[in-house]
Amino acid sequence: MPHQQMLILFGLLPVATNISTWWNFGSMLLACSSMQVLTGFFLAVHYTANINLAFSSIVHITRDVPYGWMMQNLHAIGASMFFICIYIHIARGLYYGSYLNKKTWLSGTTLLIMLMVTAFFGXXXXXXXXXXXXXXXXXXXXXXXXXXXXXXXXXXXXXXXXXXXXXXXXXXXXXXXXXXXXXXXXXXXXXXXXXXXXXXXXXNSDIDKIPFHPYHTYKDLLMLSLMVLMLLMTVSFLPDIFNDPENFSKANPLVTPQHIKPEWYFLFAYGILRSIPNKLGGALALAMSIMILLTVPFTHTSTIRSMMFRPIMQLMFWTLVATFMVITWAATKPVEPPFTMISQIASTIYFLFFIMNPIAGWIENNIMKDN
């Protein structure tokens, strides 16, 4: 066993003292993931992947299985917590230049894609009204991609419509994809540990390192307990806050809900998809909205790693965060004049961030050279 792994094993990994609470979200993601696997297991035990029985089995879990309501709400709200944590985790990586650890960043982005796929399969498994319509829409969008994709969609979901085979495939795929995501997470963690984390101040912090245990373990535990508190309070008092009222009726392929909107964590990608009138273009933009994260390590031009001392980049970063929220909000609205325009402008600004990133770095380098 290499020396470094040995250190990690005993929690003696040297870590910079100045990494802030933004670095705690990785451990929270691990906790979310473990909880999703556990609750998902107990739900899957009682779930029936049949088009006629899926909805009834969900109702049965909620009403008849001991603590089934708790498992279901923990699983549903845990997914939302998971996505909140992962979005913060990515934003922190963007802000502090963590993406310059290319291996870690690329494995993490693949993880994000896998996670979104898994969450989608999980949502489709319930066979409720909103879920069925969303599944149909996603299948249609996937089929739009290319000539080959139609065959692939048919192979995966068995038909264009959500049929019994689709529910079975989605239930199995949610379980399989979660296991694959756990494996990829291990790879990401190993890659992250091998190259040490970026210090926030972007200076070399070798002289100022402390052991991970007990200092950062307790710091992680604090944020973790806060997250668990939020989770349990949400599950107890507002279990349906992230839910769609349409999900309380059984899926009916003949009746389309008035506003088909996915879970909140997909709204951002969905808003970008919707802002483009062309079907193929929308599907491409949807893929690009996530894939563009892969380009960030290769377009970093600034001589400074972190955004902490880069005011222009800070402005752009917070604009990006605001844009993300605006797209998420606009995607919940119907497709009508003001909202379509807002979506289009916000999507343009979102993509502009990644194009402006190298240009701003170049400008800042020139400014610093002159002084």
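One-based numbering along the chain as shown.
In case you wondered, yes, glycine gets a Cβ from its N, Cα and C as well.
Since this is a predicted model, take the numbers as computed values, not measurements.
Per Swiss-Prot, the feature heme b b562 binding site maps to His75, Unk174. Annotation source Swiss-Prot lists heme b b566 binding site at His89, Unk188, citing similarity to another entry. If you look up Swiss-Prot, you'll see 25-45, 69-90, 105-125, 170-190, 218-238, 280-300, 312-332, 339-358 marked as transmembrane segment, on the strength of similarity to another entry.
Here the listed stretches are 69-90, 170-190, 218-238, and the one with the most C-beta pairs under 8 angstroms to the transmembrane segment (25-45) is 69-90. Long-range contacts of the transmembrane segment (105-125) within the same chain, counting only residues at least 6 positions beyond its ends with a Cβ under 8 Å from a Cβ of the stretch, are 40, 47, 49, 54, 75, 79, 82-83, 86, 90, 93, 98-99, 131-132, 134-135, 138, 162, 166-167, 170-171, 173-174, 177-178, 180-181, 184-185, 187-188, 191, 262-263, 265-266, 269, 290-291, 293-294, 296-297. His75 (heme b b562 binding site) has a Cβ environment of 22 other Cβ atoms inside 10 Å.
Each residue contributes its Cα atom, and for His75 (heme b b562 binding site) and His89 (heme b b566 binding site) these two points are 21 Å apart.
Sequence-remote contacts of a segment are chain residues at least 6 beyond its ends whose Cβ falls under 8 Å from one of its Cβ atoms, and for the transmembrane segment (312-332) they are 87, 91, 94-95, 259, 261, 264, 267-268, 270-272, 274, 302, 339, 342-343, 346-347, 349-350, 353, 356-357, 360-361, 363-364. Cα of Unk188 (heme b b566 binding site) to Cα of Unk174 (heme b b562 binding site): a distance of 20 Å. A Cα-Cα distance of 23 Å separates Unk174 (heme b b562 binding site) from His89 (heme b b566 binding site). Residue environment of Unk174 (heme b b562 binding site) contains 24 other Cβ atoms, counted within 10 Å of its Cβ in all protein chains. Under a cutoff of 8 A between CB atoms, and with a sequence separation of 6+ in the same chain, the neighbours of His89 (heme b b566 binding site) are Phe25, Gly26, Leu29. Counting every protein chain shown, the Cβ of Unk188 (heme b b566 binding site) has 21 other Cβ atoms within 10 Å.
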